[in-house]
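Read the structure below first, then the notes.
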4 protein chains.
Amino acid sequence: MAGNTFGKLFTVTTFGESHGIAIGGVVDGCPPGMALCEADLQVDLDRRKPGTSRYTTARREDDVVEILSGVFEGQTTGTSIGLLIRNKDQRSQDYSKIKDRFRPGHADYTYQQKYGLRDYRGGGRSSARETAIRVAAGGIAKKYLKTRHGIEIHGYLSQLGPIALACEDLSVVNDNPFFCAEPGKLDALDAYMRDLKKSGDSIGAKVSVVVKNVPVGLGEPIFDRLDADLAHAMMGINAVKGVEIGDGFAVVEQKGSQHRDELTPQGFASNHAGGVLGGISSGQDILIHMALKPTSSITVPGNTIDTAGQPTEVITKGRHDPCVGIRAVPIAEAMAALVLMDHLLRHRGQNADVKSTTPVIAP
Amino acid sequence: MAGNTFGKLFTVTTFGESHGIAIGGVVDGCPPGMALCEADLQVDLDRRKPGTSRYTTARREDDVVEILSGVFEGQTTGTSIGLLIRNKDQRSQDYSKIKDRFRPGHADYTYQQKYGLRDYRGGGRSSARETAIRVAAGGIAKKYLKTRHGIEIHGYLSQLGPIALACEDLSVVNDNPFFCAEPGKLDALDAYMRDLKKSGDSIGAKVSVVVKNVPVGLGEPIFDRLDADLAHAMMGINAVKGVEIGDGFAVVEQKGSQHRDELTPQGFASNHAGGVLGGISSGQDILIHMALKPTSSITVPGNTIDTAGQPTEVITKGRHDPCVGIRAVPIAEAMAALVLMDHLLRHRGQNADVKSTTPVIAP
Amino acid sequence: MAGNTFGKLFTVTTFGESHGIAIGGVVDGCPPGMALCEADLQVDLDRRKPGTSRYTTARREDDVVEILSGVFEGQTTGTSIGLLIRNKDQRSQDYSKIKDRFRPGHADYTYQQKYGLRDYRGGGRSSARETAIRVAAGGIAKKYLKTRHGIEIHGYLSQLGPIALACEDLSVVNDNPFFCAEPGKLDALDAYMRDLKKSGDSIGAKVSVVVKNVPVGLGEPIFDRLDADLAHAMMGINAVKGVEIGDGFAVVEQKGSQHRDELTPQGFASNHAGGVLGGISSGQDILIHMALKPTSSITVPGNTIDTAGQPTEVITKGRHDPCVGIRAVPIAEAMAALVLMDHLLRHRGQNADVKSTTPVIAP
Amino acid sequence: MAGNTFGKLFTVTTFGESHGIAIGGVVDGCPPGMALCEADLQVDLDRRKPGTSRYTTARREDDVVEILSGVFEGQTTGTSIGLLIRNKDQRSQDYSKIKDRFRPGHADYTYQQKYGLRDYRGGGRSSARETAIRVAAGGIAKKYLKTRHGIEIHGYLSQLGPIALACEDLSVVNDNPFFCAEPGKLDALDAYMRDLKKSGDSIGAKVSVVVKNVPVGLGEPIFDRLDADLAHAMMGINAVKGVEIGDGFAVVEQKGSQHRDELTPQGFASNHAGGVLGGISSGQDILIHMALKPTSSITVPGNTIDTAGQPTEVITKGRHDPCVGIRAVPIAEAMAALVLMDHLLRHRGQNADVKSTTPVIAP
């Protein structure tokens, strides 16, 4: 299957390039009878959209999404939902200089080799611009999960370069331009970013997602485990180079007696597993972490080759985020929502008539 | 889709429980005309199989695989390949004590809640026993990748608990029971494991995979990126809690000028990306790392609840590896092979007639 | 998987309702490097579009398709292609009368029961209006099949009510409003339709498709046989109630000695099979026939029930084709193109390196 | 995707050749908690198996199926179910004569061209032998549909060559070797078959399936309509050349006023549609008909070519059914069961929380 569809029962199929006419997609499998309007999706689109602070690209896009189908008299009908965002601030002229050379750290070289040609304007399809549609589609899933099952998905920036950020207060995440949950570090972040911009360089980041109120039972072993599908979703976000569930890489040095989460009638005694056991949600919070590489588009000159294979140099002027990790927060939330929604539908397809006789323990 | 099929064009569908009659599977999409016999698959099965050293479970299984179809006069025919391994040393009586209680760190509780019942003998379907079939299926992919494209897949143990292990010499990996590529650390590993066994506890590990001679162009953006599908594959291995491509979580503290791999006519100047750019293989070595949690089955007593929700205690006697990470090495190789094989077929399906005019740079 | 995606490697995902804002879709998996513009797709859209003759609905739609992505500097890029057609002549007021009652022969009752609500304007998603996007998507496949492989797809009306129509001259099919390949019957068709319109009733039809220059080898047994996938595609066209490959239902009374197509060095001696053997194309012409029921929207009053279950009557005024079979000709061609394109990519994915030593016989 | 998997949520993946070691498969997605044992599946396997009457092939196969996984203490566990049937009466020597020549009407030529080689023993994978696994898998679906939803699936022979057979009494279908529901025609069938065998020729047939007590709402428009998926399933049965739903090809000559099924508070007034409207089940009986070509393996000599392209002659001695249509009855039932089961799971995945306010009318 070509790679522009995500999910099995609740699917999103997307299209669109950074500097094309529009980006858009189709959400299929949404249960009928849910109230839905554009404003529901705009909230997260506005959180993701460029040009909102001095820490992000200066490109101006309203990112106003249009729902073209699948909603009638304010309610989803169960049919496929068409989504469309017209591009506005395309300034393609910025990119003429990279037409014949490959930017290091970008997908220019691999797209050229795979397809024999590439849309060089702003990265074309490889640009993170397409993630706006993921955010819109994820918004539909988020609403269903929240209104029907009380499931809440919270993303936050957990590290920016050398500055680690605790998950202190999720309620302040949307009140600052860093999606930071540790308010005491905001000044440090601001100072760091100011210096970074001056240097013309960029920095990596770590983003985390917590999912609360997940019902026990989501995930389809052996291969479509909930954690495996979350890893697929997160590693598929532009710039992500690592994904962890629960304690992640810290488990390498853990003992079994230390890692395993004991069960008590009052609930699990700990959550090293991050809410997934055997690929199936345990009812505990799902804990996901991911590492995002620093933006490759920087004004520091870099060596590369041109399309004829000759050595040359490149400076990416364009308009870019010095830390792509920041704006990845709503994208990561959206991808988590898409995975959970898909697994919810898959689970109840197969197991609708299951009646477990074991009490569900508190998370 | 139910979760027991892996891949889109080159697929493997598996069945079987730890203590059932047999485990098996179907490999579909294998190109015709490749020489194939059971001995080809037995090599890796023997590397994975239990009971081969004092560091692994004492369960004795020959793990002899039978090819039931899809091969005629020694060659693959292009039709589906049936694989079967009969279970032998099942000793189900070991497990009667855990029938009514949930082992911490295991999938007992989540399977019970999802399906309303569970095969409690040795974890049933959630046992790593089923990975033998992944290894057999991966062996078919490995052979095709190697013989037709020269692609080589090397796994090794890169950390055991506190002992980090360098990738010093891949040629010695199969000469020691740890799949260790740093021969100077073998004594330290041996000593660590001896002490661990005495304590009745278990330990986590890190496993790495290097894929060499990958053609440029594999991977299907946006969602089925090569790195995303590798993350899905690796996070789907039992006990894996984290996956990295290239520099992984180290990118969080990297600058853009430091991370991006420059291109020269002689090849890439570095490989921070781990061989994947924009979700597509760059022709460089693919570098994958994963974290495996410590075995949950230990003789250290643990608190839990029974199926009635009452508190109780559990000691897992059975026969278990004190470090599941070790035997995961051939499994990780097999999963990498399955992903690459699937993407090779998908890529040439869509792009068979592409003729790139840009020279492919040396890795 | 929700049902709005067609194909495995070359896929089309559609959205849109009869009287919504727009209909559209995403074509994924198109090989890169093919010249493509809107005019390529408009040809078949114009053949399908309503309001072109007195034998079709009076609804006026320009059906101008917009290509939103996946094409750069006039060539496909290998990325997903967004397609959009805005609806114009929606006149929803026509449908207020059927809001609370189920039209016999329509999907009103089944949509209401399945989804709990329905977009009652013109049938919503169940309207044949969405087939415009299939035609646009099929146009992309058609162009690739024709320009790269010389494959030609010809549809024609093979029966209208009692009037059987021979495949006499495919070159005249687009010169008459009936897609008729037997010019001598045009007057009879005209007379029949005139009388039919007067009566306020509708009539069934038979549509046939011939595919020429198909390479031998397309089709994926056991389940995704070429004929099985063609049957799926054709039975999925609105109003189709029967599908035949080759001799179809006539085989029931045939003897084996009569049906089997003998092979000679000059080619097959006959084509009872219709170009498919064992689910794989033989290189002969592929012959497909399908039966389309008469339009259910007629001005003859019919008994039905309302949404409260009470008996009532319905007359469908709207604007409808008295024979939906006629305009199904380009739709059937498009669906055949989608199936062949998908199988072409799937076949070369698995079998790219096959070199048959047997000579291919002439069709 | 390679073609040996059927279904989306409830899937069956099969393997095995006519004269290989074994045939088998994996059923995935079966809901847990259903009582299941081999005897449940043997009933239909015995109805399909060869050598049971003088009208079928003399090949002797017990066709005893082994359930290898997915069932624990007599109940399905929700995990994948492995199925295995060992071949016994393989007599491969029968087939040495056709090693180098293509039997007309068979898949010999197309397999050879597609894959570059073929298992020539009895047709290899193209043999109807593999349908035994479909029947076993269908048996699992049948049991669930029957025990949980009261859905009944009845197949019968509706025509054999020139002898049309009415659906007079479904209760006698399993009491005669023809699966005939019109007892008065049994002597005529017997006489016809006796003469046919003498002539060394074979004959086509028509098989029909009635599905009773189907809930309203199954089917996933636009592309995965219930009727489209049934057409896919039936056309995928060996030798099937045509499929009809409801009135099928008779609709070509019907008027709209005659075809549309009126609704009354007491139920639908007729069932021309065959139980499907807009691709969704209406709650009426689902009516399916299919045409099966005469067996191509006959003792009447036929012209063909050899693998070098030279003209030659072939007589298929082997052991073959003079009318493959007869034994297709349980296969068609099985395929109908697989489609319905898949759609049941898919429907409740998406629409589990739908509460229709419209009364369901009686079938």
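Glycine is treated like the rest: Cβ placed from N, Cα and C.
Automated prediction, rather than curation, is the source of TrEMBL annotations.
Listed features, source TrEMBL:
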BINDING   B:ARG48, B:ARG54  NADP(+) binding site
BINDING   B:ARG125, B:SER126, B:SER127, B:ASN238, B:ALA239, B:GLY278, B:LYS293, B:PRO294, B:THR295, B:SER296, B:SER297, B:ARG319  FMN binding site
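Everything TrEMBL records as a feature, shown here on the structure.
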residue  : record               : DSSP (3 states)
B:ARG48  : NADP(+) binding site : helix
B:ARG125 : FMN binding site     : helix
B:ALA239 : FMN binding site     : coil
B:LYS293 : FMN binding site     : coil
Measuring Cα to Cα, how many angstrom lie between B:SER127 (FMN binding site) and B:ARG48 (NADP(+) binding site)?
14
From the Cα of B:ARG48 (NADP(+) binding site) across to the Cα of B:THR295 (FMN binding site), what is the distance in angstrom?
16
Of the binding-site residues B:ARG125, B:ALA239, B:LYS293, B:SER297, which one has its Cα closest to the Cα of B:ARG48 (NADP(+) binding site)?
B:ALA239
Sort out the sequence-distant neighbours of B:ARG125 (FMN binding site) for me: same chain, 6+ apart, CB within less than 8 Å of its CB, listed by position.
B:GLY16, B:GLU17, B:SER18, B:TYR111, B:ASP119
Binding-site residues compared (B:SER127, B:SER297) - the one with the fewest other Cβ atoms within 10 Å:
B:SER127
List of residues, in chain order, with Cβ under 8 A from that of B:LYS293 (FMN binding site) and at least 6 apart:
B:GLY105, B:GLY204, B:ALA239, B:VAL240, B:LYS241, B:VAL324
Near chain D - the binding-site residues B:ARG48, B:ARG125, B:LYS293, B:THR295, B:SER297, filtered by Cβ distance under 8 Å:
B:ARG125
Local Cβ density at B:THR295 (FMN binding site) - other Cβ atoms counted within 10 Å:
26
Binding-site residues (B:ARG48, B:ARG125, B:SER127) in Cβ proximity to chain A, threshold under 8 Å:
B:ARG125
